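Per Swiss-Prot, these features apply:
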type	residues	note
BINDING	134-195	ATP binding site
BINDING	284, 286	Mg(2+) binding site
DOMAIN	108-314	domain 'ATP-grasp'
């Protein structure tokens, strides 16, 4: 069996590597992928994610069994619809189902209609009305671009002035283009955040281990929001009862609701949750695997990944098993200046030894192909599975101290919340 993974980041590296380790898989192509993936025997295809017709032609020419779609923008652009129209299988939601992610207002409407707990909100395309709502509600308050904004379209405003400025940047200054033509303004929810993922086909779903991401750029959850600077799974201090509540009050009604709306969901559903004093509530949905959570969840999968996905797509009950013990922890290494302006072309340290996994993202080979260089904001991620969060931290941070990646930076406290609890 030959498979195609669409995307280029650390998430796609983790997906493709796990698929290649599956029994019936002979070859995994990644389009466009990144040069670091070739170190794990993955084959790169020089086609960008937006070129649906070229991807379809490649899949047909190379007799690809099915494609796994990684990035949100491809799903929002209807890549799964295009593959299906061409008679090809793709694991991911249609454009209509992926609206759970590409329109925050749509997601809110679904949650309200199907009684799913989430923050109170208002949606606005008019700046003056948004400003009046902010002033009426007070701070802290959250301002979100309605559409996709590379994980940068959310502002947690601590003052009314900050919130008004965020709304102005989105609605008047066109900061996020069409994605910010509407804003969703939400009440601020206080509590601990965690992520819940599920493999989904219609109203059938299969929950993965819980995970906790670290969005802020710097230690102590300081600095700007990023795509994610590290993660660990499972979340050891999160009671199973909370997960069960989230499944029954959030995941199940949303997926059954999507079927009722004529938008049945196929693919990976990410639910960003916060555990409040009133129980778990939804912060956001993503219509695909998270990055960096994929890189710490998939190493815990002990069943055959490709077979699992194939079964789910075929409507067959999959045999999915997960590692029961230990914790998987990963730290992202990013370019100095990320998530804003940063330099490219910084030489990467030597590949790690032993059982630490390296997932590559923003990298490319030097001209003589002897050296990997930085070529993006998030560059690579080191991942290990150990008996505890502390043991995982010790192993990764010892390795990073030895690498001493000049021109790059990382957080020193990934997983520390679990140790403090």
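Using the three backbone atoms N, Cα and C, a Cβ is placed for every residue, glycine included.
In this structure the alpha carbons, written CA, of residue 174 (ATP binding site) and residue 286 (Mg(2+) binding site) are 23 Å apart. In space, 150 is the closest of the binding-site residues 150, 166, 182 to residue 286 (Mg(2+) binding site), judged by Cα positions. Residue density at residue 174 (ATP binding site): 12 other Cβ atoms are found within 10 A of its Cβ, drawing on all protein chains shown. Fewest Cβ neighbours within 10 Å among the binding-site residues 134, 142, 150, 166: this applies to 150. Of all the binding-site residues listed (158, 190, 284), 284 sits in the most crowded Cβ setting, with the most other Cβ atoms within 10 Å. Of all the Cβ atoms in the protein chains shown, 24 others lie within 10 Å of the Cβ of residue 286 (Mg(2+) binding site). Counting only same-chain residues at least 6 apart in sequence, those with a Cβ under 8 Å from the Cβ of residue 182 (ATP binding site) are 105, 123, 124, 125, 145, 146, 147.
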